[in-house]
Amino acid sequence: MPTQRQKPAEGSFSQSTGMIYVFNIIVGTGALTLPNAFHEGGYVLSTLILLILGFFSYVTATYMIEAMAIANFMRRKTFNRRLGTIITPTSDEEENVDQSDRAALLPPAINGEDVYISTGTDERHSFDIVEKVEMGEMASMFLNKLGLIIFYVCISLYLFGDLTIYGSAVPKSIRDAICTYEPMNCTKVDMYDLCWESSRLTRHHVYQIFVAVFFCTLGLFVFGNAQKTKLLQLFTTLCRWTAFLSMIILCVIHLAKRPSSEKPIRPAIFNFRGLPSLFGTCVYSFMCHHSIPSIVAPIRSKNKLKKLFAYDYICIALFYLLLALTAIFTFETFKDLYTLNFSPKTSCSESKVNVPTVLAYFIMLFPVFTLSSSFPIIGITLRNNLETILKSCVKVGRRQRILLVIFVLLLPCAVSIVTEDIGFLVGFTGSYAGVAVQYVIPALLVYNARRQAQLKLRRPIFFANQSVFQSKYWVFAVLLWAWLAVIVNTIYNILKARVSV
């Protein structure tokens, strides 16, 4: 009995549109901390690390696509062991895909005793990606109980880090835009200086107030089920690319018009002391793997997904290099958020580049618009993941959900209030939880998915969306790279802490 081909979702789009979505999801907060990371690590070392991490990120992105194809196959071609008849899996009505920066990650149960069979003539279509299978669903299908627990711990830690970064970046951007006090001798302003001359509040006090306001206001949406609308997506995309292109163009104009009498900036070439921050920032800057199912499923023609992602990764790597290299040859010092280097001119300070006042405020405040729109979605995703973990232990009612949301908001809020070092937060999140989500989990998913599919079919599998990195040694190489990277970064962090003490 032939299987019934499912129709594409109503919200489907072309490959070129999918390429734009991938680009927009990857290029986010991490890009704003890249110039400072390049400055600390040296531009040659930073370029090498960026390209190596980008390559491994592409490898694991193709692993996510392959694992998703196998998950679709197993759902579609289910045969009952006793009757030997086809069981067509039922599915809920296709939802319009929300192209948010963070997709939901809730796993359904799957029957591990079913047998999956495919004939040679039918196999090409059996592995078509028709249904969206989220990362958490694939973890429940292909990982054992311990692996599933590790997955939820890692994704939850990553999302906690995300909320903390957003909860620090937005208040810091607002604080730096509205604080007007400057010392009489025009010394460097730090967080313990006054915010306004007529007030006793320091810059850090104002930052903490805005952190509390940010979590109390946007945190209310975490109690519900907010989603990004297409209009909001369009608005945030326009803000993001207007700001990024403005920063690059302003730096290029400055470098082109720099007078010959001005001493050129000579940034460091190699600086291994900046490696931990550099590594974590680069990992965070290529993160998209948990959103891949939401992007791939609605693409109408999926026969060139590997090329699509390859083009995207090449363009993103070149864009990152253009952004970071123009920055480090323009500025001698960096704020942890690159947008803050384009502050308006004051009596004591001015940006190294010539920025119109209105554009300067727009660049400084654009993280407020883009990050605020994504914050509730990340919070809801984290809430849903923690709720899934709790459901395996206790009954989760309305009171438990309220307490869970309070916990989801309080922990990152407390961290954001204590520290406003966004570079450290991005580096730490990327170096540990980011490594697990971007490298370890996709490698484990595809390894186990391949094994399960071959055991069910009792022969090797071949289909269009298989990763070109088929050898098991590639999987081992990714896992080894992730393990070595975590060890080296931990050692450098310990040595750095000892030196500072």
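The backbone N, Cα and C atoms fix where each Cβ goes, glycine too.
What TrEMBL records for 17-78 (among others) is domain 'Amino acid transporter transmembrane'.
For 136-483 (among others), the entry in TrEMBL reads domain 'Amino acid transporter transmembrane'.
Counting same-chain residues at least six beyond the ends of the transmembrane segment (20-38), those with a Cβ under 8 angstroms from any Cβ of the stretch are 13, 46, 50, 99, 101, 165-166, 169, 237, 240, 244, 267, 274, 277-278, 281-282, 284-288, 291, 295, 308-309, 312, 315-316, 319-320, 323-325, 327-328, 331, 334-339, 341, 367, 370-371, 422-423, 426-427, 430. Residues or ranges marked as transmembrane segment in TrEMBL: 20-38 (among others).
Long-range contacts of the transmembrane segment (44-73) within its own chain (CB-CB distance under 8 A, at least 6 residues past either end) are made by residues 34, 37-38, 116, 118, 126-131, 133, 135, 137-138, 141-142, 269-272, 275, 278-279, 282-283, 285-289, 292-293, 296, 305-306, 309-310, 313, 316-317, 320-321, 324-325, 438-439, 442-443, 445-446, 449-450, 452-453, 461, 463, 465-469, 474-475, 478, 481. Marked as transmembrane segment by TrEMBL: 44-73 (among others).
Same-chain residues lying 6+ beyond the ends of the transmembrane segment (142-161) with a Cβ under 8 Å from its Cβ atoms: 67, 71, 102, 105, 107, 135-136, 290, 378, 381-382, 385-386, 388-389, 411-412, 425, 428-429, 432-434, 436-437, 440-441, 444-445, 448-449, 452. What TrEMBL lists as transmembrane segment is 142-161 (among others).
The transmembrane segment annotation in TrEMBL covers 206-226 (among others). Using a Cβ-Cβ cut-off under 8 Å and counting only residues 6 or more beyond its ends in the same chain, the transmembrane segment (206-226) has close neighbours at 167-168, 170-172, 174-175, 178-179, 191, 195, 372, 375-377, 379-380, 383, 402, 405, 408-409, 412-413, 416-417, 420.
Per TrEMBL, the feature transmembrane segment maps to 238-256 (among others).
The transmembrane segment feature in TrEMBL is assigned to 268-287 (among others).
As annotated by TrEMBL, transmembrane segment applies to 308-331 (among others).
For 359-382 (among others), the entry in TrEMBL reads transmembrane segment.
Summarising the annotation, TrEMBL assigns transmembrane segment to 402-419 (among others).
Taken from TrEMBL, the feature transmembrane segment covers 425-449 (among others). Under 8 Å from some Cβ of the transmembrane segment (425-449) lie the Cβ atoms of residues 29-30, 33, 37, 56-57, 60-61, 63-64, 66-67, 70-71, 135, 138-139, 141-143, 147, 150-151, 154-155, 157-158, 160-162, 164-165, 168, 276-287, 289-290, 415, 419, 467, 472, 475, 478-479, 481-482, 485-486, 489, all in the same chain and six or more residues away from its ends.
Sequence-remote contacts of a segment are chain residues at least 6 beyond its ends whose Cβ falls under 8 Å from one of its Cβ atoms, and for the transmembrane segment (473-495) they are 56, 59-60, 63, 272-273, 275-276, 279-280, 431-432, 435-436, 439-440, 442-444, 446-447. Marked as transmembrane segment by TrEMBL: 473-495 (among others).
Of the recorded ranges 238-256, 268-287, 308-331, the transmembrane segment (359-382) has the largest number of C-beta contacts under 8 angstroms with 238-256. Per-class residue totals from DSSP over the domain 'Amino acid transporter transmembrane' (17-78), listed helix then strand then coil: 57 helix, 1 strand, 4 coil.
Beyond the transmembrane segment (268-287), the same-chain residues lying 6 or more positions past its ends with a Cβ under 8 Å from any Cβ of the stretch are 26-27, 29-31, 33-34, 36-46, 49-50, 53-54, 57, 313, 316, 320, 423-424, 426-432, 434-435, 437-438, 485, 488-489, 492-493, 496.
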